[in-house]
Amino acid sequence: MSRINLLLLCGGGSAEHDISLMSANYFESSLAKSDQFSVLRVELDKLGQYRTAAGDECELTNNREIRFRDETKAPWPVDYVIPCIHGYPGETGDIQSYFNLIQLPYFGCESEASSNCFNKITAKMWFSALGIPNTPYIFLHQYDDEAISQAQTALANWGSIFIKAASQGSSVGCYKVDDSSKVAQVLKDAFGYAPYVVVEKTIKARELEVAVYEYNGEIVATLPGEIICDTNTFYTFDEKYAKSSKARTDVVAKDVSVELSEQIRAYAIKAFKGMKLRHLSRIDFFLTAENEILLNEINTFPGSTPISMFPKMLQNHGHDFTEYLSLVINNQLSAKD
């Protein structure tokens, strides 16, 4: 049996570029445990330039091959691609649209599902349409006096708010605001990251995460894990990835009843099916002191860094990451044939 030429595409040039490289390390080491794959790792920078790990400039052509700038190097045909790119253009659906155009099979959610989940406004509309509870919010489409007034009214009504760029990940462009005098500047900062902004009511709650993925034709939802931050903090970009972070994670959340755990998992599977996700996702929830469950967000290409929850929860559920990748890829390529 010939080996599968697998393109591991990483980076992307967004604010999450370096995190994507860390996740790619995990994918690369996992794929190396199987003799089924011949892996070429290529980094995409913010200028749209492709480079191999060896530094060779190249491009992914519509003939489904990597063509090198050094013409003495033979083109490398691509059978399959893993777009290990957090944020733009990986989780936004953009690069998946290109793969669809050139008919290149790829790992992860398809373009429309990726786009719907990445945009916080679209996602919340989907959550509500599916009957899944989520945090109260308003959305703003431009930075002006009216937007500032709406955000200040929301703060007055809710006591504390989050102002979030609608299309960013890893808490980029996300700010907790308790002081009305800071609303205008924070709103301006958020609009610097995206053309739309979401203002959400601050929810004092536990932050629970569920890994939801396809395994041998079944949609699997793990037991909820938990992100635990210092009191009065939230899981910022720095809290996620800085060495000084005091946040910790429990692969299985403690003191969550079986009934609540099963309801969270049911909501997660409902979201996965309803939004037509594919292969993998991490679905995040709030659990309040009153045991109210609120869907927070869906990550269509969850991080796979040393501190990331998705691979830990998958492994805790009894599945091996390399075997999982092999099953998904082989099933997909077999269906294509």
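Note: Cβ is positioned from N, Cα and C throughout, glycine not excepted.
Keep in mind that what you see is a predicted model, and the values were worked out from it rather than measured.
Record features (Swiss-Prot):
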BINDING   154-209  ATP binding site
BINDING   Asp284, Glu297  Mg(2+) 1 binding site
BINDING   Glu297, Asn299  Mg(2+) 2 binding site
DOMAIN    124-330  domain 'ATP-grasp'
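Counting Cβ atoms from all protein chains shown, Lys182 (ATP binding site) has 14 others lying within 10 Å of its own Cβ. The 10 Å shell around the Cβ of Asp284 (Mg(2+) 1 binding site) contains 22 further Cβ atoms across the protein chains shown. Sequence-distant contacts of Asn299 (Mg(2+) 2 binding site), defined as residues of its own chain at least six apart whose C-beta falls under 8 angstroms from its C-beta, comprise Glu91, Cys117, Gly169, Ser281, Arg282, Ile283, Asp284. Taking all protein chains in view, 23 other C-beta atoms sit within 10 angstroms of the C-beta of Gln168 (ATP binding site).
Under DSSP, Gln168 (ATP binding site) is assigned to coil, being neither helix nor strand in the three-state scheme. Taking the Cα atom of each, Gln168 (ATP binding site) and Glu297 (Mg(2+) 1 binding site) are about 12 angstrom apart. Lys182 (ATP binding site) carries a helical DSSP state (H, G or I). Across the domain 'ATP-grasp' (124-330), the prediction's mean pLDDT works out to 93.
Put plainly, the binding-site residues Ala154, Ile161, Ile203 were compared by Cβ crowding within 10 Å, and the winner is Ile161.
DSSP assigns Asp189 (ATP binding site) to a helical segment in the three-state reduction.
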